[in-house]
Amino acid sequence: MAGDSEQTLQNHQQPNGGEPFLIGVSGGTASGKSSVCAKIVQLLGQNEVDYHQKQVVILSQDSFYRVLTSEQKAKALKGQFNFDHPDAFDNELIFKTLKEITEGKTVQIPVYDFVSHSRKEETVTIYPADVVLFEGILAFYSQEVRDLFQMKLFVDTDADTRLSRRVLRDISERGRDLEQILSQYITFVKPAFEEFCLPTKKYADVIIPRGADNLVAINLIVQHIQDILNGGLSKRQTNGYLNGYTPSRKRQASESSSRPH
């Protein structure tokens with residue numbers, strides 16, 4: 001894992017023109033995506049930096065759930081709405097936001113309330129940063145979004161661990177009861193993971209087993225990001241193979257006609 005990851009990371013270099021370096025982080029529900037991102041930020045010493053000065057920021061796909069109709073919200077409150085389907089997300093807004101980030105613009109991120117299943121009126125302001133981590137269960141599903149990432153990480157955690165984490169999270173943070181959580185998992189979450197999320201694992205440049213517990217993989221990624229922040233990497237290679245690996249943009253060209261399921 002360590003050797004392969006290190007060689008792969010060497011091929012993902014800072015984009016031309018000093019644009020923000022976008023990293024996509026995908027994986028199943030409660031796989032540890034947020035924890036991996038938080039660990040990266042912590043190891044970079046960015047977790048207590050003033051938001052105006054942050055070099056590394058984290059965005060969540062969960063912020064971009066679509067505004068539900070009254071009928072959809074009623075289903076959601078009963079645990080009968082599929083939040084793990086690609087159509088549950090505002091993919092146009094995700095692409096627009098990430099595109100503006102690559103252009104160095106300040107963006108406004110929606111705030112989603114998981115208790116009321118609605119988008120709040122306030123937004124979160126994200127200022128230009130050198131590195132942006134975008135995490136979500138379907139971060140790699142849309143090709144136009146996927147193609148914006150210079151690096152793609154997949155957090156690979158076993159199903160039992162993910163389910164136990166989801167139960168604890170949804171009870172403590174989202175006010176759900178156990179019966180509703182398990183029903184939703186069996187009806188929507190597990191089938192959607194197998195149909196929409198798991199097939200996108202093939203797009204990952206680095207797979208991280210055990211999530212935030214895998215410090216070997218995370219330290220390699222952190223070192224790579226540190227090199228970017230310190231200007232230690234040369235401009236991105238775009239002409240063929242590098243150290244025996246194909247740069248991600250070259251691979252993505254061959255992925256264009258494929259669908260993740």
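Cβ atoms here come from the backbone N, Cα and C positions, even for glycine.
Residues annotated as region 'Disordered' in Swiss-Prot: 1-24 (among others).
Here Swiss-Prot flags 1-16 as compositional bias 'Polar residues'.
The N-acetylalanine annotation in Swiss-Prot covers Ala2.
Feature annotation from Swiss-Prot assigns ATP binding site to Gly27, Gly28, Thr29, Ala30, Ser31, Gly32, Lys33, Ser34, Ser35, Asp213; the stated evidence is similarity to another entry. Neighbour density for Thr29 (ATP binding site): within 10 A of its CB lie 22 other CB atoms from the protein chains shown.
If you look up Swiss-Prot, you'll see 240-261 (among others) marked as region 'Disordered'.
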(request) Express in Å, rounded to the nearest integer, the largest CA to CA distance found among the ATP-binding residues Gly27, Gly28, Thr29, Ala30, Ser31, Gly32, Lys33, Ser34, Ser35, Asp213 named in the record. (result) 17
(request) Among all chains shown, work out which of the binding-site residues Ser31, Ser35 has the most CB atoms within 10 A of its CB. (result) Ser31
